[in-house]
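*Asks:* A single structure is presented below for examination.
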Amino acid sequence: MNSRAQKLVAMARDEHLCNKNDEKEESEEEESSYNGAVTTLAQLKQDLHLKRHNTASRSLTYKHFERDLSYNDLNVSNIEESIDTSQLIHLDDLDIVPNNLSSMFNDYDDEGNEIIAEIEVVTSNTDNVVQDSIDMSATQLTENDNQSNILNCIEQPQPIRENVQQLERNNIGRPKRGRKRKVEDQPRKERKRRANVNEKYISAKGKEVLPKEFDSTYHCDCKKKCTTILSVDSRKQVFDQFWSLGSFEGRCAFICGKVTQTHKARTYTSSNSKRIYSRKYMLCDTEICKQTFLKTLGICQSRIDVAMQKNNRSSNFKDNRGTASGGKNKINEDDINLIVGHIDSFPKYISHYCRGKTDSRYLNTELNLLKMYDLFKAKYPTNENLPSLATYKKIFYEKFNLRFKAPKSDTCKTCDTFAANIKSLTGTEAEEAKKQRDLHINKASELRKQMNADLNLASEKNTVETLTFDMQKTHPLPKIPTNIAYYKRQLNLYNLGIYIGSSKRSIFNLWLEHEGGKGTQEVGSCLRKYILNNIKSPVTDLILWADSCGGQNRSIKLVLMLIHTMQHHTSLQSITLRFLLSGHSFLPNDANFGVIESQLKTQQRLYTLEDYAESIQKSKKNKKFEVSRMIPSDMLSVRPLEQAITNRKVDSAKNKVNWLKLHEIVIEKPFPYILKVKTDIAQEDAQIVNLEKAGKGRKPVLKNINLPECWPNGKSLSVEKLRDLKDLMKLIPRDAKPFYNFLKHTPGVSIDEDIDGYHVEDIEQLSEDGED
């Protein structure tokens with residue numbers, strides 16, 4: 001035998017031995033793979049957390065696996081005897097989904113919040129229909145150990161979606177703030193959700209990304225004739241199933257369930273090859289080529305590589321893109337605590353105006369975020385690694401429900417509602433909304449015209465006087481340019497402005513919060529004092545204009561105070577109380593308050609009420625403002641008057657009277673118990689409301705009823721405010737300290753302080769009057 005023949009015989013012998021070894025290794029691998037699959041399923045049984053919400057669909061047992069076995073394609077002669085069917089786990093006994101796959105099927109609602117979708121165990125009724133799940137047959141379990149963690153039948157229901165605008169309307173707490181999105185309704189998580197369910201979305205760069213479409217025209221020319229074996233409808237079902245999973249992790253698991261990866265069996269190149277694995281692609285229990293697999297699912301090669309790499313490393317397919325690596329951008333917990341502690345150190349107030357609409361609390365109106373951050377830096381001057389303004393702002397909005405701006409709003413809600421309706425409605429509904437809006441604006445215009453006419457009448461006719469009155473915003477005492485003042489509760493100073501139509505002058509009534517509140521009786525007491533001291537004969541008719549603050553101005557208490565005042569006046573015969581339309585209630589007083597505010601901005605230090613009064617007097621050169629100091633004895637209570645009358649809610653014709661809709665109330669001196677009210681000053685006939693008590697007997701004479709002081713012992717201050725005021729005494733000059741001597745005798749109580757200066761008694765009083 002020549003050398004060439006000897007070489008051929010040697011090669012044949014080596015190849016025969018190699019084949020025998022390969023068969024032995026394959027047999028061992030198959031047995032090991034099956035045992036690994038059984039072990040994995042046993043582990044799954046101990047790791048239960050899937051909710052059983054579809055009991056009828058949980059009837060998949062070992063028989064379903066047995067039905068899918070392909071014995072013709074699988075040579076099980078070497079392992080058939082080693083299988084103990086008693087060890088096979090019935091899927092009825094499993095609540096499938098291991099912990100490491102529990103985050104696999106998350107979705108996102110329209111607000112960007114994760115929704116953990118419930119996962120159903122379902123069955124397939126026909127062998128030809130592609131299951132809406134990850135299809136892993138028993139054959140694959142016995143052949144591939146790397147697929148032992150792939151779940152068999154998983155279906156994700158559609159996520160529950162809510163309208164983002166409705167959610168924002170229902171959110172009465174912390175409003176959304178910060179940088180505006182490029183695409184209003186697509187935050188980052190919403191873009192991710194749309195990409196996961198194959199919907200159109202706008203990328204972070206503002207480009208429109210269209211959904212992937214199934215390519216029904218693709219034709220495979222490989223020797224397997226893939227597109228001939230698999231129909232277009234079957235491939236389309238697989239495409240829809242793949243993208244309906246709705247998550248990156250679910251699609252990874254799907255790919256790993258359809259791709260079999262093994263080490264390459266032979267090498268045809270002499271040099272080192274980069275190829276390590278061989279892969280088989282299965283769809284609908286049919287082996288197909290890679291190109292058909294990619295075209296059917298609408299993915300690229302790298303998508304398969306990533307999925308297989310994740311499966312080789314572990315059974316966790318979690319998408320780690322975009323997650324923090326190393327926590328470099330995470331805010332330090334010490335910094336968070338530092339910022340939270342600083343924000344907590346500022347006094348916080350409730351709001352009478354907005355307490356029914358929001359749970360927010362309010363900071364001092366002179367503060368803002370930039371000023372707070374400057375105070376933060378000043379508090380820790382030696383800290384070189386102090387958190388940035390952006391971090392401070394982030395913590396402020398995420399961990400607190402605080403506001404700066406004054407809660408009282410002068411915008412007209414009715415106008416805003418009409419504007420929104422006109423934009424959203426069409427046809428006759430839009431025209432009707434426009435008509436209603438025009439009527440509303442015309443009514444506001446007519447009221448303003450009437451007010452201007454009344455002011456002019458006062459200057460032209462000496463028997464008529466017209467006054468407008470309004471409360472200015474609360475001012476703090478002491479006012480000092482020291483950072484520590486922002487951390488302390490200060491004494492409130494109140495100011496009721498009265499504008500006089502006949503002389504075009506203004507008078508301002510000042511008092512402190514421990515002397516009186518900010519309620520209806522204090523407002524009425526200020527008017528009483530001015531009317532009795534300044535309106536003289538021959539004035540017989542007094543007209544009063546105010547805004548539409550229900551409870552404070554438009555209330556029975558104010559009317560009773562005016563009735564009692566007129567009874568004690570020598571010349572007045574009638575008082576007419578009129579109200580502008582809510583949202584359209586700009587008064588001459590508001591212009592005066594603006595002048596005062598401009599002057600106060602130039603005053604850095606104001607320690608006492610007299611300092612404020614001096615600033616008010618200096619704020620205008622021509623027709624200087626007058627200041628009236630209200631003292632506790634000026635603050636009178638109308639409680640005895642309320643006990644002497646019946647506050648009826650109907651007129652003499654038994655028609656209901658809604659105080660919150662009244663725009664004119666007329667009282668006449670000869671008839672102190674009679675009110676003439678109108679909801680529209682243009683209407684001819686007024687409603688007559690009789691306040692006299694029913695029954696026989698002698699009726700009380702309202703003029704003879706003495707009014708007691710409203711707060712004979714002064715108003716209470718909170719314990720916290722008293723403590724803060726005493727702490728501020730060291731910053732007040734010696735000559736101003738006697739002004740604060742009352743602090744020694746004022747008892748402290750536990751109350752929530754109001755940003756507008758209201759106290760508990762005021763809020764209860766205003767609530768009662770608002771119902772009138």
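Residue numbers in this text run from 1 along the chain shown.
Keep in mind that glycine also has a Cβ here, set from the backbone N, Cα and C atoms.
Curation does not apply to TrEMBL; its annotations are automatic.
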*Asks:* According to TrEMBL, which stretch among 1-34, 409-442 corresponds to the feature region 'Disordered'?
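*Replies:* Region 'Disordered', as annotated by TrEMBL, spans 1-34.
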*Asks:* Could you give me three numbers for the domain 'DUF7869' (540-628), the DSSP helix, strand and coil residue counts?
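*Replies:* Computed counts for the domain 'DUF7869' (540-628) are 37 helix, 18 strand, 34 coil.
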*Asks:* Take the coiled coil (430-461) and find every residue of the same chain, 6 or more past its ends, with a Cβ under 8 Å from one of its Cβ atoms.
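*Replies:* Beyond its ends, the coiled coil (430-461) has Cβ neighbours at 412, 414-415, 418-419, 421-422, 468, 500-502, 504, 543, 545, 578-581, 583-584, 588, 663, 680-682.
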